[in-house]
Amino acid sequence: MTEGLAGALWGWPPPVLDPAGPYADSVTVLAWALFAMGVVVTGIVVAALWVALRGPERWRRVLGGEKAVWIGGVAFPGVVLTVLLIWGLTLTASLTKPITGDEMRIRVTGEMWWFRVEYLDAAGNVVMRDANEVRIPVGVPVVFELRSADVLHSFWIPHLSGKLDMVPGRTNLLRAEATRTGQFGGVCAEYCGGPHALMGFVAIAKEPEEWQRWFDARVAADSVQPLAAVSTTNPQLAQGRELFMENGCAACHRVAGTQANGLAGPDLTFMGDRATVGAGILPNHRGTLTGWIGDSQGIKPGNRMPSYDRLSAQQLDAIAAWLGQLK
Amino acid sequence: MTSETGFDHKLYGLFPQPRKQPDEGLKELERVWETPRGWKIITAVNNNYIGFWYVVTSFLFFLLAGILALGMRVQLAAPMQDFMSPDTFNQFFTMHGTIMMFLFAVPAVEAIGVMLLPQMLSARDLPFPRLSAYAFWAYLIGGLSFFASLFIGAAPDGGWFMYPPLTSTAFSPGIAVDFWLLGIGFIEISAIAGAIEIIVGVLRTRAPNMTLDRMPMFAWAMLVFGVMIIIAFPAVILCTLLLEAERMFNWPLFDPTRGGDPLLWQHLFWFFGHPEVYIIFLPAAGLMSMMVATIARTELVGYRLNVLALVATGFISFGVWAHHMFTVGMPRVSTGYFSAASMAVSLPAGIQVFCWIATLASGKIRWSTPALFVVGSIVIFVMGGLTGVMLGMVPFDWQAHDTYFVVAHLHYVLIGGMVLPMFAAFYYWTPMVSRTPLSERIGRWVFWLMFSGLHITFLPMHLSGLMGMPRRVYTYLPGRGLDLLNLVSTIGAFIFALGVLVFLYDCARNFRFTAKGPDAGNIFGGGTLEWLPAGLYSTRSIPVVHSREPLWDNPELSREVEEGRHMLPDTATGTRETLITSPVKAEPQYIQLMPGPSIWPLVAAIFTASFFMSLTVQAYPFAAFSAVVTLAAILRWLWDTDAPLAVEQAEVGGGIVLPVTVTGASSHSWWALNILMIVIGMIGALAVFAFFFLYGSSPEVWIAAPALGQTAMIAGMYLGVLALLWAGRRVLRARAGRVAGDLPWVLVMAGALLATWALYCDITGWLDAGLDPTATSMGAIVFMFMALQGQVVIVSLIMVVYLAFREARGLVTTPHNVTMDIVARFTGFVAVQGLVFTIVPRLFPGA
């Protein structure tokens, strides 16, 4: 199951060479050009070495003087590097165009070892909370406000843009835009201790209208409580909710419309709607959710959520069932 | 040619002397340089032993770090494996990087320098043999204890770059980080000691007439290496001090909630960390240049260009550090500058590569195992350099940074730029220290296994990186297209390891160490002085050099030298000695008496290690005890030096008479002290940088300074210190020919005490102004200034007491005395640094 998810988000072709937006597009072109440069220059040096060692006498004489050093070691790289540098600087400038303030804003905070996501309105107020997932409309420029709650992290969605670090005490702004719909993998790229390897997230690009419908519904549900899904009469779901509240889950997790308002861990108000479990590592369905609650330490050793292995399989399943229908 | 020191160059024409020296002289020379027997061999300080042990130890760390790498590759061979826990993996990659950089690469090139340089320069030994011995023992003991932290599960796991806040107490409460900070800080001290030794050695102990323009390329490389170490390593020492201060005393230097900044660490660390790469590469490039010349049997094409390239690399490498930080959110202008500088540094590398190619093209190749390694290294290094150019392009770096692409890049550069050249050097120079050479046939196996293993391991990693695999991950999810790439990398790593194993087999079969000959000799036909017939004393007489490849230009040279027909034949004073020559033109200046075997460097090293270890485990009383023993041991070993002389001057052949030891600006100790002051001054300068960085980052926590009058008073006191020192030296000079008396040391002592008082006033002034080191970053950095100042004040107090003791024993000579010189000069430095540390924070206060 894991394979399916990772394959959908990552896999072939390499994301860096498979851009889905303007901030990744031009870098892909650059990458191919640099790769070509690398191959050509390696070829030249190997050829020169071959001539030096085995070549005809006349060629060796040409290569065997200081003039060859000036041409091969100074002039040639000088020209190549100057061209590349100009390209690189121009491209850097175009990728860091000033932020106008009209872009859509999403604040992402790196935490050990997951991503807190907050959608902001024009005034900078939080209007909707989520975790380990960002949804953006196609064709709309987005600015991610990157922060850290603890140590250094780095926010990277290779399909959409280069990475930018999340530095405690600072807010870094990352520009991105998707030009096609799809699900794109993201990871923390700066070593942050413990299970850094399993700190991922998903970026989902949707058509603007579809995105707007989704967003409006979310904002409404996040502020106007209670949710229909929260107060259920289904016995299994009710049991799941009860277990959730009794076993301390609520101390760290928030579910809008209930007394669960913990802020230490990911917001679970829309858990059923999320693509992944465990910060971008498992596809989200009842089975994986059950496994995660029961054995989160086995799946992602060292993460901040204890394994609820004292609960029975039936109880875990009930919690997963309740969380799974929070949409 | 004009003379540098007034030495008449016509005198070189006297050598070789017409007549060979009598055999008794050689016996005397052998007796003087004899090695202690049995277990006492550990008291040896001769570079022939220390250098060899040093190389072997660094290679041991290469193997240990390599084993850690294999463990990691097993874990990553398939997705989501449980071969090791994330914690263990994190310790493994941290230790792999740390050991490879700090305990293998830098010590290895330094060790090769200690072993080869005296031979190449035809010096009897490096100028401070006991310092080399201390550096070696400190490194061995410190390194092994550091490695042992793995076995108790307390190894650091914050990465070799140790970025706070992950390494701050809040997220790393145990002692693992302290192990790293104190262990590495300690080993850096050893590296700096070695660098001072090497700089002075290269500049002052060359064979007569070996001008800078005739110096072997490896000596040039080691000179640049030494200078880079003394500028770069203070940064990592300051890093460790700052983070340790935050961890031990809660001084918030990196904590943003109290005005600290985690990026301060990154700037300081990479100011060290990037030059570090060239610190590793340049000496290896120097070895390459020398081997290339021998392989092609012709002088290196573009000698001066190559020197220029070495110097330029060293220079530019200090301006590129922030290319490790393109993703932290820097202003566009800064990224542009650092990108351009990073591109520029590839030009000198290009010059060196094409110098090698041109040399190979212009000569007559003799194919051999070292040649194979040399050519292979060039290809790999160029490939690594090109991916480096790619990463220097900012937009590409934003994608590739901190992915496996970078892992591939750095391993190509370091293996092509340092590891394979080192193996080439092993095959090339083994005949100098072993009775039998290593096997040419087995060597080819070693090369092809390593060469192919390298590509199989690291070529796929470029793609893993572009596929989105970040660095420092203990596992990865299945189905990401990474499974096969990683499996191939793992297989490659084992092929590479097999190559190393075959090399060990070759060593076991063929390597037979000998320090005093007979060795296998110059089988590759090198033209530089290390191939002269030599014993523990290096060469019997020190040749006058007329070209870059003296052995090629004078086939008789070996015989002449062995018959004692060159300078300083046998021993002129009946003790260990070497010739000190001038820095540019290598004109003979004086004979340096060298200390012999001693247990004290070893004792000092053991207790320095135990001092740092006790600090780590917070056993403060034992730390204090160790510090006292260390100090006593160092002073004990110094006591023998700078003794009043039995002979004031001696003949070095051809009727040329040179003084025995000198003081002042032509003395080798004067040079060493100045270099040490640069090191300490760099720590201070970087601390001042940290002050301004934090000021720029959080000006809101800056408070008003104490009154200006107080500042003026403290500044006046420091100027008073300088006046006292000046007076002390005047008095000593005025007493020429008489006993020194008490007045000189009393004046110097008064200076040191005044400096202490000035520091006290500075500290109380800030405390009264309400500055608290635990409350804000301003408090932390200002008190860090005072802590740094406190360290040098304590050292200068110890020095003046030592000076007083020597005076009491009548060991202070007039009109000059090396000990007095050094104590006064250092105390003067203390005053100047105190002045800067007082004025800077008081002139840049907050509102």
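Just so it is clear, glycine is given a Cβ too, placed from its N, Cα and C backbone atoms.
On a predicted model such as this, the values are computed, not experimentally measured, just so you know.
Listed in TrEMBL for this protein:
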{"type": "DOMAIN", "residues": "B:33-558", "note": "domain 'Cytochrome oxidase subunit I profile'"}
{"type": "TRANSMEM", "residues": "B:92-116", "note": "transmembrane segment"}
{"type": "TRANSMEM", "residues": "B:136-155", "note": "transmembrane segment"}
{"type": "TRANSMEM", "residues": "B:175-196", "note": "transmembrane segment"}
{"type": "TRANSMEM", "residues": "B:303-324", "note": "transmembrane segment"}
{"type": "TRANSMEM", "residues": "B:371-394", "note": "transmembrane segment"}
{"type": "TRANSMEM", "residues": "B:442-464", "note": "transmembrane segment"}
{"type": "TRANSMEM", "residues": "B:484-505", "note": "transmembrane segment"}
{"type": "TRANSMEM", "residues": "B:599-616", "note": "transmembrane segment"}
{"type": "TRANSMEM", "residues": "B:622-639", "note": "transmembrane segment"}
{"type": "TRANSMEM", "residues": "B:671-695", "note": "transmembrane segment"}
{"type": "TRANSMEM", "residues": "B:739-760", "note": "transmembrane segment"}
{"type": "TRANSMEM", "residues": "B:780-805", "note": "transmembrane segment"}
- Query: So which residues does the transmembrane segment (B:599-616) touch in its own chain, when a touch means Cβ under 8 Å and the partner is 6 or more beyond its ends?
  - Reply: 42-43, 45, 130-131, 133-134, 136-138, 140-142, 145, 175, 178-179, 182-183, 185-186, 189, 622-623, 626-627, 629-630, 633-634, 636-637
- Task: Flag the pair the transmembrane segment (B:671-695) / the transmembrane segment (B:175-196) as in contact if three or more Cβ pairs fall under 8 Å (sequence separation 6 or more).
- Result: yes
- Query: the transmembrane segment (B:622-639): which same-chain residues, six or more beyond its ends, come within Cβ distance under 8 Å?
  - Reply: 130, 134, 595, 598, 600-601, 603-604, 607-608, 610-611, 614-615, 798, 802
- Over the domain 'Cytochrome oxidase subunit I profile' (B:33-558) the mean pLDDT stands at 94
